[in-house]
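According to TrEMBL, the protein has these features:
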- 21-42: region 'Disordered' (REGION)
- 110-560: domain 'Major facilitator superfamily (MFS) profile' (DOMAIN)
- 164-183: transmembrane segment (TRANSMEM)
- 190-214: transmembrane segment (TRANSMEM)
- 250-268: transmembrane segment (TRANSMEM)
- 280-299: transmembrane segment (TRANSMEM)
- 375-396: transmembrane segment (TRANSMEM)
- 412-434: transmembrane segment (TRANSMEM)
- 446-471: transmembrane segment (TRANSMEM)
- 538-558: transmembrane segment (TRANSMEM)
Amino acid sequence: MGGSEVTQGSDGARVAVVVVGAPVDDDSASGPPPPAAERDAAAALAVTPGEEAKRESLAAAAECKQGAAAETGLQAMAVTVVRDVEAGGLDASTSGAADEKPSWFTPKRLLVMFCIINMLNYVDRGAIASNGVNGSRKSCTGGTCTSGSGIQGDFNLNNFEDGVLSSAFMVGLLIASPIFASLAKIHNPFRLIGVGLLVWTIATAGCGCSFDFWSITICRMLVGVGEASFISLAAPFIDDNAPAAQKTAWLAMFYMCIPTGIAVGYVYGGLVGNSLHWRAAFWGESILMLPFVILGFVIKPLQLKGFTHSVKTKEYGAILNPELQDETKQGASTGVDGLAETLPHKFSFSSFGKKVLTEIRYFGKDMKELLQEKVYVINVLGYISYNFVIGAYSYWGPKAGQDIYNMASADIMFGGITIVCGIFGTLSGGFILDKIDSTISNAFKLLSGATFLGAIFCFGAFCFKSLYGFIPFFSVGELLVFATQAPVNYVCLHCVKPSLRPLSMAMSTVSIHIFGDVPSSPLVGLLQDKINNWRSTALTLTSILFIAAIFWFIGIFVRSVDRFNEQSEHGVPAVERSNLRPLLDENEEARAS
């Protein structure tokens with residue numbers, strides 16, 4: 001048997017030292033036998049057979065008791081080593097992983113790279129809507145026919161087909177976003193971004209090679225699939241690596257690329273489409289993204305907070321703790337296998353099928369946990385209401401402005417206001433939240449206040465009969481409304497534990513599109529058909545911003561916890577820690593000895 005001594009290493013981790021020899025608690029190990037024992041040794045040999053059997057029985061019982069105590073001591077030592085591996089080895093490894101960043105990495109370099117990628121995503125959205133790429137249909141008036149231009153002209157698309165084409169990417173985006181968020185649990189998230197960018201690059205090149213409506217529609221769906229990985233995983237990476245005092249400002253710079261990218265896309269699509277060909281615009285986008293695809297597969301990937309693997313802890317626990325070995329064996333025989341046994345025996349699962357079922361089960365658990373987070377639900381409800389208005393503004397705004405104020409160039413007017421206010425408003429919201437202290441409660445205060453004031457200014461703008469009153473009021477309103485971009489995403493990232501952030505961002509994106517900007521445009525069009533008054537329609541639409549402000553105002557009073565640093569201890573999932581805790585607690589004294 002042996003005793004154990006716990007010493008403190010230079011790095012603060014405990015080291016369990018096993019001393020081979022007599023048991024620690026055995027009095028005979030403390031020194032040589034007393035003289036009286038030597039004198040009685042011969043007398044001990046002269047015993048009756050009955051006494052000898054009794055003594056052997058007592059000795060066997062004592063040996064069993066000593067063996068049980070030794071086994072308990074060893075198990076306590078085993079758990080001590082497991083916990084020390086967690087507290088020392090894994091903590092050192094995870095902190096080392098945080099400190100030993102790839103040689104290419106600096107936080108600013110990561111931000112710039114992600115901002116460029118984000119801008120390219122939205123350049124594509126702007127380009128396909130530009131006149132140079134989208135073009136116009138063939139038309140015949142008075143016996144004179146004019147050839148069409150762009151995608152509409154080449155494929156002879158009607159307005160409905162053209163509308164489907166512009167939003168086809170949304171199908172791939174909404175389906176793939178939660179899938180990529182779930183895959184981040186079993187694959188490196190940085191590599192998943194590379195995979196998504198590869199799909200995006202191939203799909204945009206495919207748009208340039210398309211030959212009819214259905215071929216380009218499928219390619220646009222795949223563009224959405226490629227974009228899904230980036231929008232789900234990029235923001236958590238930025239949040240991890242931004243300076244603590246500038247997290248929201250960095251998110252603001254990232255989301256500022258949305259209006260900037262769309263504006264650049266309009267210009268890019270018009271120039272390339274008119275001077276070369278609309279197909280060249282898609283090929284150019286693909287070429288511009290290609291270097292980032294290569295980097296996504298070649299450079300050493302970053303680790304995302306909340307996704308540190310704990311394989312070493314499992315191995316140490318199973319080796320040193322017999323109970324964990326039993327649990328591991330039992331766990332291997334339950335789970336999906338148990339589910340398979342409950343199904344008809346004639347149906348057999350393949351290995352792939354089991355993995356898919358396992359991922360679906362984990363996805364369901366994560367979704368349940370996400371929807372139980374009141375702060376997240378309230379934040380997304382406000383975001384849906386907000387995006388309902390912004391989506392309709394972007395689609396119907398120029399037409400409403402032209403009808404109400406007889407604008408000669410409504411596209412340029414609304415586009416210019418949106419670009420300028422989008423850039424400065426988004427940046428201002430991020431910097432202001434950092435200035436007043438980035439907390440979830442302060443984020444809700446900024447969200448509700450900015451949205452409420454923005455709604456007042458936008459509502460008032462449409463009440464003016466003069467264009468000169470409309471422009472300044474609407475500009476201020478847009479500036480305030482766009483100030484919500486960074487804070488609303490900050491709440492999505494910080495109200496859930498790190499491992500749920502990709503799913504949080506993915507489901508937020510899915511929700512604001514399915515319930516926000518996708519239905520808002522046709523519903524506003526339906527309302528306009530009923531009342532035939534653009535001023536009343538615009539005022540009705542703008543009033544929905546007050547609903548968003550109310551949701552975010554409620555969020556101020558909901559108990560919120562910033563869970564950015566909430567992590568399973570030392571990167572070890574709570575389930576694994578719970579397997580070790582009971583044995584450790586029962587043998588606390590043995591561990592301290």
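Quick reminder: no glycine exception, Cβ is built from N, Cα and C everywhere.
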Cβ-Cβ under 8 Å with the transmembrane segment (164-183): same-chain residues at least 6 beyond its ends: 125, 128-129, 134, 151, 157, 192, 196, 213, 216-217, 220-229, 231-233, 359, 362-363, 366, 502-503, 505-507, 509-510, 513-514, 518
Recorded stretch that, among 190-214, 280-299, 375-396, 412-434, has the most CB pairs under 8 Å to the transmembrane segment (538-558): 375-396
Candidates 190-214, 250-268, 412-434; stretch with most C-beta pairs under 8 Å toward the transmembrane segment (280-299): 190-214
Other parts of the chain folded back onto the transmembrane segment (412-434), taken as Cβ under 8 Å at six or more residues beyond its ends: 245-253, 255-256, 258-260, 262-263, 266, 393-394, 397-398, 401, 442-443, 446, 450, 471, 474-475, 478-487, 490
For the transmembrane segment (375-396), distant same-chain residues with Cβ under 8 A (at least six beyond the ends): 418, 440, 444, 447, 451, 481, 484, 488, 491-492, 495-496, 504, 507-508, 511-513, 515-521, 523-525, 528, 537, 541-542, 544-545, 547-549, 551-552, 554-555, 558, 560
